[in-house]
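To start, the structure itself, in structure tokens.
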């Protein structure tokens, strides 16, 4: 994780992080103007690289596949439009369907990247602190799911590679049957692992807790960031109601509009998405300034002019 | 609290205690190192426990500071759980158990998944807790070598009954009289009792005490090291040439230019602490991971699809191998696939699985799972048997059985390749031993050659008797002179 993002994560509490994550998911969901969506996508990918570089290549490939599939499906399903670019029997490719497909693909991919950031920044502690006082069961399901999914993936990979040493080549099975069998085995194994997590929760006293838990400490930065995020989102919602940044998706007369309002919206969204980097950057500069004030340098030049 | 963990009912009897049965009085640490952390960092984990008790922020802060300083885990507090070693995770689990200031600490095989050094460190911490904080510790173990030095009382359970409850010295002398339990004794105690050497010292004896005692009687004793015949003319079954593997582009070299050969009918053991690349080496050799460079030749040829039919891998977690709902179905399935003439009953008998036919493989104990997985491997009758930490979860008797089975398999022409941090097991049952550290592997040599010049990383008998009998590795290597 980039040091600026790490700074954001360390200096803010669970609520602030959650508001930020909710914000970027909303931004990815609300707007479908292709220019805004495209710029949002760039900002989201930039943030994704900063929050977790390890899985970026795989996720990038995955999001490309999703984009292509969404785009292609939309071309097949939605052939409306007047500017026909290509015709093959009953299939026609129009400028509008191309644009619709592109918008839908980008919107979908934006949402995926927002969730990538969510996944990298969210911590069990965050959800637990937010939910356990009010929705204990939801928190429990969330904790178990968070533990469960990576474990299922791990079990799947291990089982798949070890299975080869037990099954003989000559045993012919249909691919579907073989996959179904594998899934059954994996679920059996996952349930055993799941029970261990549930035992741990009992040992940690989760089933007994009576009092309100997860008391949060608010600092100035939390108030500032939360206010900024909420205000930005309110502006976003007002703009959406006013049809700014939103186009008539799926219609025949889908048009590209970009006015000053869209530009302002674009800037607000960019700032909101990049808020952790901006916050970390400002903190970093302040830290450098602070250090220069309190540290006496011993370089020759400084000594000479001291 | 603990009652919630148990499946089933108490049929009769009751727990008699002045303490109320809750998390504040009783703390429990299980053997499953990886499944015991719910949160991402140790700090969050400790906070989670205290949050559940409704502690105030101030109290949480104070208690975390206190426990982290006491157990020396301050530096670990903000490290992601994925980056912690097994030993570190178990320390965090211990901290989570102790943070509520319990009166009784219950430990269920806490070192079973740790390497010898991490296990030793953990037990030292437990001993410190017992001595300094006056916390009662009840430790359940199938291998008492390390823990017995710190214990005051020894309790032995067999088939659901408590057959021994005595001070340690008496307990150890009693279990020596029981042929079924003899193997549970530490190697040095067993040696003294087998040789019937007179001593006023209380059991368990230290290596130093045993060294002195043996030295006093050296004239009446002789060293009989295990004879190993290494067939240098045997065909190479697997050749590894300049193998390299790392997980990330700029990550550490987990396997660093490793080359060696495995000969048909020989047994090989790679030892070394956890995290040194032993498992990755095994996974790369068996094509579960693709090396970045290097060559693997199976019977002189490049590895092809039939490789999977000719070898068998028993992973660290044997449960990964299971595919059916019951023990019986697992065995029958493998018998059907391998078309062996062995009968189902013979397999059950040989691998001590009788009476467990209808049990789910996942409900078996660690040792039983290991033996079931091993049964599947032997039914397959592969050319090479790869085992990753096979002694994990096995009691001393089962280890002995496993060693004998591997030797039997070798006699039929099979090759065995094992990763283990069990030095005694390596010394007793393998032809060739090598050590892995930082991605590099040493040359394979016979156990006596390998261990004779080791100072720290060797068997307890070798440590105790290096001055008098440097080639002795287990209690069986010293005998009374017949004259």
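Heads up, residue numbers simply count up from 1 along the chain you see.
Any Cβ shown, glycine's included, is placed from N, Cα and C.
According to TrEMBL, the protein carries these features:
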- A:12-29: transmembrane segment (TRANSMEM)
- A:35-52: transmembrane segment (TRANSMEM)
- A:59-77: transmembrane segment (TRANSMEM)
- A:97-118: transmembrane segment (TRANSMEM)
- A:130-149: transmembrane segment (TRANSMEM)
- A:185-203: transmembrane segment (TRANSMEM)
- A:223-244: transmembrane segment (TRANSMEM)
- A:264-287: transmembrane segment (TRANSMEM)
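Touching of the transmembrane segment (A:97-118) and the transmembrane segment (A:223-244) is ruled out by the presence of fewer than three CB pairs under 8 A, sequence neighbours closer than 6 excluded.
Recorded stretches compared: A:12-29, A:35-52, A:59-77, A:223-244; the one with the most Cβ pairs under 8 Å to the transmembrane segment (A:264-287) is A:35-52. Within the same chain, residues 12, 15-16, 19-20, 23, 26-27, 30-31, 259, 261-262, 265, 268-269, 271-272, 275, 279 sit at least 6 positions outside the transmembrane segment (A:223-244) and bring their C-beta atoms closer than 8 Å to a C-beta of that stretch.
Here the transmembrane segment (A:12-29) has Cβ contacts under 8 Å with residues 40, 44, 47, 107, 110-111, 113-115, 117-118, 121-123, 125-126, 129-130, 214, 216-219, 221-222, 225-226, 229-230, 232-233, 236, 269, 272-273, 275-276, 279 of the same chain, all six or more residues outside its ends.
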